[in-house]
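**Q** So Swiss-Prot has the following annotated:
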type	residues	note
BINDING	D41, A42, E43, Y44, D45, S90, L91, E130, R153, E190, K307, K331	NAD(+) binding site
ACT_SITE	K132	active site, N6-AMP-lysine intermediate
BINDING	C425, C428, C443, C449	Zn(2+) binding site
DOMAIN	610-691	domain 'BRCT'
Amino acid sequence: MARSPVEPPASQPAKRAAWLRAELERANYAYYVLDQPDLPDAEYDRLFVELQRIEAEHPDLVTPDSPTQRVGGEAASGFTPVVHDKPMLSLNNGFADEDVIAFDKRVADGLDKATDLAGTVTEPVEYACELKFDGLAISLRYENGRFVQASTRGDGTTGEDVTENIRTIRAIPLTLKGKRLPRMLDVRGEVLMFKRDFARLNERQRAAGQREFANPRNAAAGSLRQLDSKITASRPLSFFAYGIGVLDGADMPDTHSGLLDWYETLGLPVNRERAVVRGAAGLLAFFHSVGERRESLPYDIDGVVYKVNRRDEQDRLGFVSRAPRFALAHKFPAQEALTKLIAIDVQVGRTGAITPVARLEPVFVGGATVTNATLHNEDEVRRKDIRIGDTVIVRRAGDVIPEVVSAVLDRRPADAQEFVMPTECPECGSRIERLPDEAIARCTGGLFCPAQRKQALWHFAQRRALDIDGLGEKIIDQLVEQNLVRTPADLFNLGFSTLVALDRFAEKSARNLIDSLEKAKHTTLARFIYALGIRHVGESTAKDLAKHFGSLDPIMDAPIDALLEVNDVGPIVAESIHQFFAEEHNRTVIEQLRARGKVTWPEGPPAPRAPQGVLAGKTVVLTGTLPTLTREAAKEMLEAAGAKVAGSVSKKTDYVVAGADAGSKLAKAEELGIPVLDEAGMHTLLEGHAR
């Protein structure tokens, strides 16, 4: 269904209304039928409100099929239509506190509640408050306690029969609990997918090389509307009941909160995040309380729902057009919005990670004006096919960094430009590289790069590195921001007068830091290597490097093959070490530390090579708990026989020795077809009798 023609101005109400109807119907089709929404909720709401206003001002422009006259959507051709016994209507929306106050006043007026001389309601209305789930509305039909049919909302009057798919959702009971069950019960509720289940589903999709879902709502809708119910059964769907259609053969509870309590006794899942409150103040208190906890909830919501609690008062208020007068959906500020992508820059993180950042035309989303949004990495830009000049959907949820969700492809201009990852760091000019099997590109500037400076200095001073006591993050911030320190070597040039001039840095603190810097000049080779902050090189690897080579220069000049001979150094770590020392900036800083800083450590000859044994040239991995040997004892025995004991399984692994509770290493070995031995098999191997 193609996007509507050129947008007419507001000065032409007839054409504008026709365009709005066409645009909303197109969005409805994409949302309900194709399950491929391309218009953010906030944009849809804005267009809908505008159409309502035009039709209110020009009643002659109202058409029977206008989106304002119905709920929206139509049955897909692959499902049998189901006419609802009672329409599944949508709710009127509120976006601001004032909308809620006005709703409460309308309800109070409609119920003839008492007011004082100032017009303030003195007899507050009682409301039931619930969450507004971001899923798919469903009607469940039970006859004499047995589940017989399920249907989607559709256009509110006619939906789609999804009975077989709904049967696969374990949260939905096929038989209700209790003895006096109604002859017929029409339960209204929402099918949704929890955040954790959504993440796992997308992991499975990626592993299978299949398309990932954009969000939990799309995943739930796409899963429910499968023609093959086996596919639905494989999807982690959930359900919450929140309303009622038709009830026959039982008394209707007097209140909405009572209805939900009754549902729980029947075994239907009902969300516990609900409350009964009085008046507008109670409604707003519930809204703001939920808003504060929204991001920590295990599922997506886009607002809360208020309903007059008493059933008799609901009946008195009745319905207007497409929605009940007794209810309101109070929506949170839009988390998604449309805007234009002006440019794509790259940002250098504190660890050298290169992140593409979208520069946007300002847009208000998630309660704030957004001008920049993350694009995560180069692969994400390619996967989403995002280009400079595109109209894009931007998402901002709570304190989460804004991100570009997708491009609106049918709005793409002819001159849209693809993103090209730069080859040099914009901060220091060093080479940008991306290691195999990694999604993140990184600056190789290391100790020299300004963007990485604070993190490099903080790591350099850590207790397990050079142990510079008194050099905390706040002091580092001042030193860098005042351009007093550019590299770790500059730390050893700091004088007393420079330090006491820093904010909140007393004379005693300055003397202590100078003493600490003096002590740090005398360290060990392993600590110095660790202090350099080489990616993938932790304390253990630093010790192995120092032990294997004995001094720093051979490490700096070692080819990758020589690095691979070091215990527990695999291809990725070896490549990282090699690239670090290949960068001239890093070598310069190291020379400054040795010369200007006078940082020293004992050096010696390389460690003697292990004697040639029955396992010379073999790589062995230990995993799990062995019956009689500790991990360290087994390692010593294997190394004494000439084996290299590695920490991870790869194609270069010759044997895996597995004990109890072996985990992913064992699975990886079986996947690669690597021989797996138990402790007895290891002893046989060491005796030279292995095959």
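Cβ from N, Cα, C; glycine included.
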**Q** Using the alpha carbons only, what distance in Å do you get between C449 (Zn(2+) binding site) and E43 (NAD(+) binding site) once rounded?
**A** 42
**Q** By a 10 A CB contact count over all chains shown, which of the binding-site residues listed here is most packed: L91, C425?
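**A** That would be C425, with the highest Cβ count within 10 Å.
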**Q** Rounded to the nearest Å, what's the C-alpha distance separating C443 (Zn(2+) binding site) and D41 (NAD(+) binding site)? Just drop the number here, would you?
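**A** With the alpha carbons as reference points, the distance is 39 Å.
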**Q** Take the Cβ of C428 (Zn(2+) binding site) and count every other Cβ within 10 Å, whichever protein chain it belongs to.
**A** 19
**Q** For D41 (NAD(+) binding site), which DSSP three-state class applies?
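**A** Going by the DSSP assignment, D41 (NAD(+) binding site) falls within a helical segment, counted as helix.
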**Q** Show, in sequence order, which residues other than C425, C428, C443, C449 on the same chain lie with their Cβ within 8 Å of the centre of the Cβ atoms of the Zn(2+) site.
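**A** What remains near the Cβ centre is V348, G352, P426, E427, G429, S430, I432, T444, G445, G446, F448, P450, A451, Q452.
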**Q** From the Cα of the residue listed as 'active site, N6-AMP-lysine intermediate' across to the Cα of K307 (NAD(+) binding site), what is the distance in angstrom?
**A** 12
**Q** Between the Cα atoms of L91 (NAD(+) binding site) and C428 (Zn(2+) binding site), what distance do you get, rounded to the nearest Å?
**A** 55
**Q** Would you say which of the binding-site residues D41, E43 has the most Cβ atoms within 10 Å of its own Cβ?
**A** D41
**Q** Of the recorded positions K132, C425, C428, which one has its Cα closest to the Cα of E43 (NAD(+) binding site)?
**A** K132
**Q** Where the distance is taken from Cα to Cα, which of the recorded positions K132, C425, C428 turns out closest to D45 (NAD(+) binding site)?
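**A** Spatially nearest to D45 (NAD(+) binding site) by Cα position is K132.
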